[in-house]
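Here is the structure we will look at, set down as structure tokens.
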Amino acid sequence: MASVRFTVTPTKAEDLPGLSDTSPDISSRSSGRGHVRFGSRESVNRSEPLSEGSGGLTTTGENETPDRTNTDQGDTSLCVCVCVCAQQCHVFISSYFLSLPPLLQEEMDTRPKVSSLLNRLANYTNLTQGAREHEEAESIGEKRKAHKSPQMGTFMGVYLPCLQNIFGVILFLRLTWVVGTAGVLQALCIVFICCCCTLLTAISMSAIATNGVVPAGGSYFMISRSLGPEFGGAVGLCFYLGTTFAGAMYILGAIEILLMYIAPWAAIFVSGSPDGEGAAMLNNMRVYGSIFLLLMALLVFVGVKYVNKLASVFLACVIISILSIYTGALVSAFSNGTVPSTFDLSLPSSEATTTLWLQFCEGPDLNASCDYYFNLSNISEIPGIPGLSSGVITENIWSVYLTKGDVLEKGSLPSPRPVHPPTNRLPYVFADITTSFTLLVGIFFPSVTGIMAGSNRSGDLKDAQRSIPIGTIMAILTTSLVYLSSVVLFGACIEGVVLRDKFGDSVKGNLVVGTLSWPSPWVIVIGSFFSTCGAGLQSLTGAPRLLQAIAKDNIIPFLRVFGHGKANGEPTWALLLTALIAELGILIASLDLVAPILSMFFLMCYLFVNLACALQTLLRTPNWRPRFSYYHWTLSFLGMIICLALMFISSWYYAIVAIVIAGMIYKYIEYHGAEKEWGDGIRGLSLSAARYALLRLEEGPPHTKNWRPQLLVLLKLDEDAYVKSPRLLTFASQLKAGKGLTIVGTVITGNYLHSYGEALAAEQTLKHQMDKEKVKGFCQCIVANKAREGISHMIQSSGLGGMRHNTVVMGWPLAWRQSEDPQSWKTFINTVRVTTAAHLALLVPKNISLFPGNSEPCAEGYIDVWWIVHDGGMLMLLPFLLRQHKVWRKCAMRIFTVAQMEDNSIQMKKDLATFLYHLRIEADVEVVEMHNSDISAYTYERTLMMEQRSQMLRQMRLSKSDREKEAQLVKDRNSMLRLTSIGSDDDEDTDGGRERDGGMSASENRRVHMTWTKEKALQYRATHSGCSTPEGFRDMLSIRPDHSNVRRMHTAVKLNEVIVNKSHDARLVLLNMPGPPRNPAGDENYMEFLEVLTEGLERVLLVRGGGSEVITIYS
């Protein structure tokens, strides 16, 4: 058996790794035993220092954590006893401190020690996520602490922060006034509605928060990732403004407590008359509020760690203040509750007067002149705090709404109705504002906000999926119970006149709720002052971080600067903007006016949280899997309705302003913000709505009244993948004016497997061109072996369901006569045939490069329509649609129709004018008479030239393969001539070469020397170039034009003469487009007819209807 000897020296606790005082729960595990096992059996040099990275020691224990001892004393030594054998080595670590009694050891796993609980309370923080990292980064000269996993539970991480954020200044300064004015029943209704709103919102928020990790930003992150960047940015900024104005409200509340109840002598502005007291108080609020705001902003700027250290103090103030109220209510049940009066209320005797007499009369004499209202009134002394057993709740149960300037009176006692109201120069208590139920709702609602505190700190929670729902809902239930019970207690303990005294003038200038508290009113005064200061600090700490989160998402470009800050990430610029906006709230200087403003912003935020949850639930998106299962879309919609109702109940004009601000931010992000794809619910809603709409469109064809051109624009790309005719897109945008469907397509010849990258590049080119021309629509790129096949496939397959194109727009093939390749005009004619077979309308703008751009409005002119064949009304509808665009708006419309010999021109004109009147289209009407005339020599010659040219092109036009064959023939001919001129010497060289090659076959020799012969050349020329021989020219000269072609040419020539004569100065000419011939042999003649028909016209739009009516006279 081998043995190893170690040298053991006493060591301080903090020198051992893993035993520092920063480790969590070190005291609760001090009684366990640890086992340290060496990983190697070889001898170890104990003189080397212990290090974490040595790897020689592995620690195990009962709770899978290293044993730690309480290290409150820095000089505590540890005795390490070692026993070594060949198989194992155990190191037992024990403490000098007395171990816990065995009776309580088993409970340490589930219940913490008192010391651990106090340690956690001491480290309590109400800061949002990320503040701890900022606090650590601000500690200059300190070593960075090792990253620890989140350890905060439901109570410390969610419940207490929510509790501190919900309880605020309204509870201490305005709840008694709300109860006295609205009565107990209506006050309970106000509290219940507001609490239901936040409870339903908390349920929706819990579902969203447990559907994934919620980083910094809280509600903004939840809404933006659920409803998209537009809604998220708009509501996030509204929530930011609400939090900022909340900071201003808390500061104003703290200043009101300071100047009204703590230090009235500190007022800077003092009015010499009662009429100016209100203005002087507002000025004092502005000055002190600005000073407080500056100090708080500096404190937040210097370091959030100081705010963190004060968080537990502020929380203690809130809890102690609330407990003192309940204690005072219980004590009032066993005492008379009389509040000492400022004056001697004894009735004046026949010999002398009292101090009260001097307040309302001009002298101490009994015959002195007194106030008229005082003379008509009786003097009664009533207790201000009757107590729970007094039954005063029966009087306070009903509402007493007052108008500004009314005197506070006890409703159960008779009151005089003087002609002249009492003056404010005497010690009467007046109502400072006109009250109503809606006003009280807006003032009270800020006291139930703050439910987002837990979700904002999800990164600091040990189990956010469990803690956020439980902690938030429990905090709301707790605060709701406190508010509801407080309403009942105030109504049952305090006299109604005192409740309606907002500033406590009737109780010696004390805070009304302070008169109920026990043991002293100063408990409430001091506690409420510090709690409001703490709430203001929390708002100034959280609002800049919210703005920083919005700025870092880069969805609002002008907010990018607020995403930067100090080196540790503190949002310096955001804090500056927050302070400036809060200063605006402080300049309002009235708590009752600021409260409805922030109510609007918070209500809008809660509304969209409910909307987000409802949408995600109804759409059933695959990623919607919240762990919190106690939610339903009906609850979310109910919460959304309550939020919307409260917005307009509390203040309809503030609600409109808040909606307008959110709408402007939404539109700004939509048109100018950065594009973000967060898988939001609005995208899912759009898909569901689109699916529903497409299925509805499938139910039947659209009615004629709803017909509008749904365009398929066919574009051609050049060799560099640029659009050849971008004006086609411009024309399409002018025709659509942003309405209906537009599909822009192109065809790439080739194999899809090899041309996939080229297709993607072409698609990007089309999108870029559409953005440039401001065309809203879709682009489609098809790869096919032949262009005509690709166009045919695109016409057949573009669109989806009822959202399909009904009109094809394509360009005119330029220079088709001079083109060596006939595929361009053949593809054009094939497209015309395909659109006709598909019963689609066809628009062919000719000379598209001369059409005006979107920035080139036409001067006054005419859009001429030549209505020759009825095509369903396309010729009538298109000019009307074009004139909706600013480019064609100044152009008037003229309609020409052609009358034959047997037609009555005058009657045709009247009928056409009547038809246009019923169509509600304003246009000038003209009937053109075309007489039957003989075919002119020009027409005959033009037809002859057309047919001769067609035959010549059929004989001389060579395809690409033919040109290659001819090039090879020329090359072989030159080779034969060279061999013939050299003679026998070449033969000898050839034979020698044949001997050298040795393996060349006879067939290969024939291919080299005998590819060109005279007979073969003559035969090829006779087949492919018959026009080059005198016989070929003689055949061409003997051609007689076809009679049908002559008639078509005659019609085209005569019609062109009339059109040019009437419409030579028109801005645009619309013509019926003739159909292609049934026999493909006459395709080239068809192109020539179209050229003759449009010759001499600058801008022409050839229109071919789809065979259905597109315009109607009926409404």
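The backbone N, Cα and C atoms fix where each Cβ goes, glycine too.
What TrEMBL lists as compositional bias 'Polar residues' is 1-10. Per TrEMBL, compositional bias 'Basic and acidic residues' is recorded for 991-1006. TrEMBL lists 158-338, 434-712 with the feature domain 'Amino acid permease/ SLC12A'. The domain 'SLC12A transporter C-terminal' annotation in TrEMBL covers 726-843, 859-965, 1047-1115. As annotated by TrEMBL, region 'Disordered' applies to 1-72, 978-1006. Under the heading transmembrane segment, TrEMBL lists 153-173, 185-214, 234-267, 287-306, 313-334, 428-452, 473-499, 519-537, 573-591, 597-618, 630-647.
Beyond the ends of the transmembrane segment (573-591), by six or more residues, the same chain brings 169, 173-174, 241, 244-245, 247-249, 251-253, 256, 282-283, 285-286, 289-290, 293-294, 297, 300-301, 540, 543-545, 547-548, 551, 561-562, 564-565, 597 to within a C-beta distance below 8 angstroms of the stretch. Counting same-chain residues at least six beyond the ends of the transmembrane segment (519-537), those with a Cβ under 8 angstroms from any Cβ of the stretch are 164-165, 167-169, 172-173, 246-247, 250-251, 253-254, 257-258, 261-262, 292, 296, 299-300, 307, 310-311, 313-315, 317-318, 320-321, 324-325, 510-511, 513. Most Cβ pairs within less than 8 Å of the transmembrane segment (473-499), among stretches 428-452, 597-618, 630-647, belong to 428-452. A mean pLDDT of 86 is what the model gives for the domain 'Amino acid permease/ SLC12A' (434-712). Across the domain 'SLC12A transporter C-terminal' (726-843), the DSSP tally of helix, strand and coil residues reads 53 helix, 23 strand, 42 coil. Break the domain 'SLC12A transporter C-terminal' (1047-1115) down by DSSP state and the numbers are 31 helix, 10 strand, 28 coil.
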